[in-house]
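Remarks on the structure that follows.
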Amino acid sequence: MIALGLEGSANKLGIGIISHPSPTAEPHVLANLRHTYNSPPGTGFLPKDTALHHRAYFVRLVKRALYQAHLTPADVDVICYTRGPGMGACLTSVAIAARTLAALWDKPMVGVNHCVGHIEMGRAITGAQNPVVLYVSGGNTQVIAYAKHRYRIFGEALDIAVGNCIDRVARALRIPNDPAPGYNVEMMARKAVKRRGKEGELVELPYAVKGMDCSFSGILSAVEALVGQLATGEDDERKDRLKFSDGVLVTPDDICHSLQETIYAMLVEITERAMAHVGATEVLVVGGVGCNERLQEMMGMMAVDRGGTVFATDERFCIDNGIMIAHAGLVAYETGVQVSIEESDCTQRFRTDEVHIGWRDKDG
Amino acid sequence: MSTIHIPPSPFNPSDLTLITQGAEALVYKTTFLTPSTPTALKIRPPKTYRHASLDARLTRARILAEARVLVRCAREGVRVPAVLGADWEKGWLALEWIAGRTVRHALDGWLKAHGDDVGSSEGLEVKGLMGRMGKAIAQLHGVGVVHGDLTTSNVMVESEEGLEGDVVVIDFGLAVMSVQEEDRAVDLYVLERAFVSTHPQAEGLFGEVLRVYADGYKGAKGVVKKLDEVRQRGRKKSMLG
Amino acid sequence: MTNPGTVLRIPHLQDSLVYVALFQSVKNSSFLRQQLIEGNTTYEYAFLDASTILSTTHVLAACFRAINDATANRLRTRNVHSEIVFALSPNNNIAESFRRFGVADETTSLLAIKVIPTTGTAAGDSSATDAIATHLRGAVEGEPAPFTDEAFAGLSDVTRIRKLYKAPAPGSSRKKTGVNGTSSSLQELKSLESIIIGSMAIKGS
C-alpha cells in the first residue's frame, strides 16, 4: 500500500510518500520533501505568514514528490494529513489541501497525531522495540511510554516546549533562523566548547525539574535578562560586560553552551526517571530538537550507565516531515482507521495519549 | 545499573548493603554514629552526562533540600526519619532507619490472606491503616511540606506483621516546601493513582485516607475538593497509567 | 591504672581514634580554658561544657562532622578539636560556638575529647589512649563519670539546650502528637535529639 503524507503543523511543510509492501515488511520511503518557512533574525514565525507559505508551496511539493516516486495519483491508496496538534492556521491550510486531493483523486483520508507520527517513524527507522520516547520540538516536550494501546505521557514541559525556549533564546540573541534557530545555537555552543573546553565554566542558569515534569520559562527569562550584558566578542572593551569568574568575557556562544548543558540535562533527567519507573532500557529521541548531537550524546551516556541504548534519527526524520505522517497514517489505515472528507477535522490541541494505538500489541 | 558504584568517602563498599537503586539515588543499609545504630544511607552518585559544575550544584541542592525538609518536619513535631548526618559536597545523607515494612508490602500480604474480608470487621484493620496514612500526610501538608512522590512504597508501617503500628512517611527526595492547594492536591492524586493501580482490591478504602486527611489541618477540606479538579484534568502530573 | 574515659568506635571513621572522658564537680575550668586560649600544645583537646550536651549521640554527631570535614580538608576552625566545638553549634558563628559549648570559667561538668590517628595495632592504640587518660587524670580536677546517656541526663541543662537549638518547649502549640499515640518525656527527648542532630547536620549549608 502507498500513502501520501502531508505535514504543516508548524513552519515546515513536509510532503512524503511511503510504501508498505506488506504490513510486516519494512516500509520504503519513496519521497521525502520539505520546505521551511524562516522569519528574519530576531523574529519568530507567525501563523498567518506560515500558512501562506504552506499554501504557496503545497502543489509544487506534491507534484515533485509524485515525480520522485515515479507515481501517479492513482497509485496512492490513502491521503494522510496532520490532524494536530499545532498552529491553527497552518493545520487548516494543509487539511484543506488534503481534502482537496482526496476529493480530486477520490481517496480515503486518515488524520494523524503529529507526535504519534514522530514516534512511529522513529520506531520504524531505528528498530527500537519498546523504548521510552523523548519527543522534543518547538511545540512539544513529552516523555512517553507505551502501555495498553496508548502512548502514555509520563512527563512533560509544564509551560513552553524546549524547542520554543531555544527559538526564543535565538531571537533574543538575534541568531539567524536559517536553517533552524536550534541548529545555529548548537553551532555556537560548539564554538564556545572549542574556545573554553568541554568543562569550561558555565553561566549559572535556572534548572527546573519538578518530579517527572520540567519547565523552561524560567531559563528563558534568565537568558533574556542577560542579553544586554553580553560581550560581542573577546575584544569587547566595555567595562560593564558580564564575565566568568576567571575574568573572561561571556559571549552569546557561551550562553548557547550553558543553555544547552542545562536544558538537555533536564530532559535527560526526566527521561531517566520515566525509564526507572517502567523498567525500560531503550530510549528513542524524536522531534526537531532530537537532531541535536549534544542531546543525543548526553542521552546516550545516561542510557549506557543504565545498561541501555539510545536511538535517534537524523534530520530527515527528526525534523517535521511528511513521511512520518504517511507512515503513521498507513499503519492506522491498515487496522481500519479512516475518515471521510466531511469528518476530516484538525485541532490545535491533541494529546498524544488520546490516540488508540491499535496496530501494536497490548503489551508492547 | 551496569556501572558499579563506588561510594564516596568515608564509606567502604564492604560496610554498605544496597537496598534500592533509583534513577536519582542509591539507598544502602549501614550503621552510623554507633556500631548498633541502623541507618539508611542515601547516596546521589555523580551523573556523567551532566557538566561537572551543574552536577555538583544539583547534587548539593538536592541533598540539602531533602535534609532541610526533614529537619523542618522534626522541628514541627512531625514524625519522619531523623537526619543523622549529611555531606552535600560528596552527595550523601544518613537517615534514621525505619524498621518495619512499606505499606505496599504490608497491604499486599494482608490482602493475600484476607482479600475477601476487606469490607468486613477484619477490614477495619485496613481502614485503620488508611486513616493513619491520611493523618500522616495531613501533618506533612499542615507544616508546609509537599512530598512529591507519594506511593505505598514510600510510607512505612512500623511493624513486622499485620497492619498495626505507627505510619512513617519516607523518601523526601522530591519534597518541596509549599502551601499551594494545587501542590497538595496533586500529592494526594499521585498517591491515589498509585494505590489504585497496586492494590485494586482495596480501592474502595482509599476514601478513608481522604476522610481522615480532611480533618487533619485547616484548609485540608479545600485540598480534597481541589483533588476533584485534578482528577478531571487527568494526566498533567501523574506518572502512572 | 583505671582509665576514666572511653574509646569511641565511630563507624566509617576507622582511621581515627576518638577518646572521650566525662568529669563532674570540676574545680579548675578556668585553668583548662586558659590552656586552650594560650594554645598550650599539651592541651590539644575539645573541652566541652557537659551541661550543653544532651546525650552520647549528640557528642558522636559532633565528632563525626568534625572528623569527616577534617579528612575532606574542609575545616572551618584551626584543628579537629576546635571543629568539634564548632560542630555543636546550629549556626556558623565560631566565636559564639566556643562561648556556648566550650568550657567556660563557670563550667562544673566537663567533657574532654581527643582525636588521634589510629596507630595500626591494638597495642599501639591502647598505649596511646592510656597516655591520654593519664594526662587528663592529672590535668582535670574533677570526678570521672561514665560516658553514658544516664550520666548526661544528670548533667544536662535541657532548658538551655532547647534555647541553644531553638527547639520548641514541650507542650507548646507547635508540637504534635504521634500518629498512633501520645507524647511522653522519653519521646520528647528523642524528638529534641533529632532536632539537634538534624540542625548540626545541615549547618554550614
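From the backbone N, Cα and C atoms, a Cβ is placed for every residue, glycine too.
Since we're looking at a predicted model, the values are computed, not measured.
These features come from TrEMBL:
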BINDING   A:His114, A:His118, A:Tyr135, A:Asp320  divalent metal cation binding site
BINDING   A:Tyr135, A:Val136, A:Ser137, A:Gly138, A:Gly139, A:Asp167, A:Gly182, A:Glu186, A:Asn292  substrate binding site
DOMAIN    A:30-326  domain 'Gcp-like'
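Mapped onto this structure are the features recorded in TrEMBL.
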| residue | record | contacts (Cβ under 8 Å, 6+ apart) |
| --- | --- | --- |
| A:His114 | divalent metal cation binding site | A:Glu7, A:Ser9, A:Thr82, A:Gly84, A:Pro85, A:Gly86, A:Asn140, A:Asp320, A:Ile325, A:Phe350 |
| A:His118 | divalent metal cation binding site | A:Tyr135, A:Ser137, A:Val286, A:Gly287, A:Cys318, A:Met324 |
| A:Gly139 | substrate binding site | A:Ser9, A:Ala10, A:Pro85, A:Gly86, A:Met87, A:Ala161, A:Gly163, A:Asn164 |
| A:Gly182 | substrate binding site | A:Gly163, A:Ile166, A:Asp167, A:Ala170, A:Gly288, A:Val289, A:Cys291, A:Asn292 |
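Annotated divalent metal cation site A:His114, A:His118, A:Tyr135, A:Asp320; additional same-chain residues within 8 Å of its Cβ mean position, judged by their own Cβ, are A:Cys115, A:Gly117, A:Ile119, A:Ser137, A:Asn140, A:Val286, A:Gly287, A:Gly288, A:Met324. Under the three-state DSSP scheme, A:His114 (divalent metal cation binding site) falls in the helix class.
For the domain 'Gcp-like' (A:30-326), the model's average pLDDT works out to 95.
Of all Cβ atoms in the protein chains displayed, 27 besides its own lie within 10 Å of the Cβ of A:Asn292 (substrate binding site). DSSP gives A:Gly139 (substrate binding site) a coil state; it is part of no helix or strand.
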